[in-house]
Amino acid sequence: MVLSTVNLTLIEELAAQALALEDLTPEQGLLLLQCDDPGGWEVIRQYGDRLRRKLVGETVTYVVNRNINFTNICEQHCNFCAFRRDDGQTGAYWLTDSEIFNKTKGAVAQGATEICLQGGLNPQAKINGSSLAYYVNLVETIKGQFPQLHLHGFSPQEIQFIARQDGLTYGEVLMALKFSGLDSLPGTAAEVLVDRVRRIICPEKIDSQTWLEIIGLAHRHGLPTTSTLMAGHVETPEEIITHLDRLRQRQQTSLAQGYAASITEFILLPFVGEKAPPSLRKRVGRDQPDLDQALQIMAIARLYLGKWIVNHQPSWVKLGLTGATTALEWGCNDLGGTLMEEHITTMAGAKGGTCLTATQLQNAIISTGRPYQQRTTLYEHLNANLNKIGLK
């Protein structure tokens with residue numbers, strides 16, 4: 001149905017409530033997300049953009065980083081994943097310490113301030129029978145030679161995997177990795193934090209509560225995390241709002257408890273199905289992300305997460321640089337990283353590419369009439385690449 005004038009008025013009232021930094025209820029968030037009127041969506045877009053401006057200003061940030069997926073050998077079989085391989089299967093790989101070191105060295109030569117380190121769950125990845133020892137060695141391989149780098153690594157799923165392999169608590173794993181030099185965790189493996197969805201797309205992964213528990217423990221132990229949502233597959237609008245609500249509650253709890261760290265950003269990861277396993281690909285019915293849907297979710301995320309998670313980032317790997325740049329008008333304030341390489345999404349059939357230069361990111365930002373700023377992983381500004389162009 002087409003929303004009536006009264007309902008359009010309600011849309012604006014709710015968006016204005018979010019702009020006033022008053023938290024939306026799940027019911028209110030769902031009402032916004034289910035808007036089916038172009039005029040209503042323009043209101044939501046405008047308010048998302050205004051809230052972005054209020055919380056973080058006009059400057060668009062980016063980070064110079066390198067993504068290292070150290071292995072695609074994985075014991076799990078997620079129904080959306082085209083990256084994983086069994087050991088010995090065609091296309092399987094496992095980087096050596098030397099290869100990881102050389103990739104890091106190359107990244108530093110290109111000005112990287114961050115290495116993002118993630119991989120498949122490989123039961124053979126052990127040193128002297130210990131999974132934790134292997135992961136500690138990964139951290140030390142990088143931080144031992146490049147202590148200035150921020151090491152952003154290991155999702156909650158990887159933390160659970162290490163703990164399960166070695167019979168340790170999550171806290172013990174997190175503390176050992178932090179002591180070795182790990183600086184923060186990516187909030188990947190969240191997918192959708194609703195177990196009905198997880199049973200369909202990733203039945204072997206940790207459940208929603210475990211993901212949230214590990215994120216909270218990371219914060220408690222002083223390790224910042226990001227947060228993500230993979231949308232555009234089998235989830236419902238209600239489940240998108242539930243996911244956002246659980247992220248917001250997790251952040252509120254970490255801040256209320258006075259933990260030394262918290263969630264630094266929210267990233268939408270639209271589903272890419274071109275090379276995904278056939279069952280889910282057929283069920284979803286399209287191979288590439290729906291840009292309009294992604295933009296709408298990003299605007300809703302900005303309004304719903306409000307003052308609690310203020311940095312919002314689109315995925316240029318999934319949406320392409322043009323799509324990601326458009327997201328800067330829908331509540332986003334960051335364009336992410338240069339990456340230098342990326343395998344997980346690319347192997348799923350994404351068309352956005354695997355590497356962008358800082359200049360390409362800067363030019364995309366300039367095209368919006370907003371200034372750019374190079375940042376660190378934790379959103380501290382780096383003065384080397386500050387652009388003070390006039391705003392439109």
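Every residue gets a Cβ built from N, Cα and C, even glycine.
If you take the C-beta of Cys74 ([4Fe-4S] cluster binding site) and look for same-chain residues 6 or more apart in sequence within under 8 angstroms, you find Cys81, Phe83, Arg84, Arg85, Gly120, Leu121, Asn122. Residues or ranges marked as [4Fe-4S] cluster binding site by Swiss-Prot: Cys74, Cys78, Cys81.
Under the heading domain 'Radical SAM core', Swiss-Prot lists 60-307.
The average pLDDT for the domain 'Radical SAM core' (60-307) in the predicted structure is 95. Sequence-distant neighbours of Cys78 ([4Fe-4S] cluster binding site) (same chain, six or more apart, CB under 8 Å from its CB) are Arg84, Ile201, Cys202, Glu204, Lys205, listed in sequence order. The [4Fe-4S] cluster site is set by Cys74, Cys78, Cys81; from the centre of their CB atoms, other residues of the chain with a CB within 8 Å are Gln76, His77, Phe80, Phe83, Arg84, Gly120, Cys202.
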